[in-house]
Amino acid sequence: MPIYNFSAGPAVLPQPVITQIQAELPSFRDSGMSILEISHRSDLFAQVLQDAEQDLRDLMAIPDNYHVLFFQGGGTLQFTAAPLNLAPHHRIGLLDSGHWAQRAADEAKRVGTKVTILGSSAANHFNQLPTVVQPIDQSLDYIHLTTNNTIEGTMMTRLPVTGQVPLVADMSSNFLGEPYQVSDFGLIFAGAQKNLGPAGLTIVIVRDDLIGQVANLPSMLDYQLFAAKDSMFNTPPVFAIYAAGLVLKWLKAQGGLSTMTARNHAKAALLYDFLDQSQLFTNPVKTSDRSTMNVPFVTGQADLDAAVIQGAREHGLLNLKGHRLVGGMRASLYNAMPLAGVQALVDYLAAFEAHHR
């Protein structure tokens, strides 16, 4: 029986990547040393780091005036790093699209930043994206948004018009799964553990003219320092960068982001089409704002939801339990999830519904 992992993160990885890791783990590139034990100062790792950055630049068409930095601490650490580095006047705007946007606001406030909510969909239970209040104050240091809301199941493809105010994007859950123009943003960050690799790595893409505005920052949060040190200020997450590098090469071999985006839209359409015609399952998200990465759905009865999850597990469909804040079910359809996995889920849900009419 095939196993399909619908976890929201850490999440499914491409099988060829796992196979390659398994083969190379005892001796990386015939060095006699595992990737788990090589020095981060070695030529072996220098090549891994260089390749990962270049492959990411190729896939996303990252302009030369943007730095690519490799951090630890998850996307959550960037909720603090972004205002420390990019908000010299301690004033930012934020689009409140759900849990992770609110977490970003809370962390910014902890470091003395005033956060102005420019739009919120809280009144709609975050089942749609917020409408931006215009005009936007041009004295704001930046505007924070979340491109994909993992818990609520919404995704932003149309960006707000912000004038000269830079956009800062938390792309953690649709990074490399939906195409964006990097030059539309001042800063992009993303935890790797959804679409890029195992947990332990965070990607930061930041425009050169925005760093160095604030002096005497904590070293581990200083974008300018990390840029100057090529992300090697301290020991980086060697294995996580190596694994992410393999995923990037896999993405290129698949045809890049255009191919992956088409696949992701096809997978999401398959599941949404079933949910929309179902008499048992519902998805609460406004159709135009639906995520291609994270699809929440419910039966409306907690005991029936539990039965769905248990039965799915018995059919090799794992980690469908919804986030603890919203309950129900959630299917995460990241890049490495094959169409066959989504078809298996739809077939199971259809059979479950037929049995429980």
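The backbone N, Cα and C atoms fix where each Cβ goes, glycine too.
Keep in mind that this is a model prediction, so the values were computed, not measured.
Of the residues ASP55, ASP58, ASP170, ASP209, Swiss-Prot puts just one in the pyridoxal 5'-phosphate site with GLY75, THR76, TRP100, THR150, GLN193, ASN234, THR235: ASP170. Residues GLY75, THR76, TRP100, THR150, ASP170, GLN193, ASN234, THR235 are the ones the record ties to pyridoxal 5'-phosphate, and the longest Cα gap between any two of them is 31 Å. If you count neighbouring Cβ atoms within 10 Å for each of the binding-site residues THR76, THR150, the highest count belongs to THR150.
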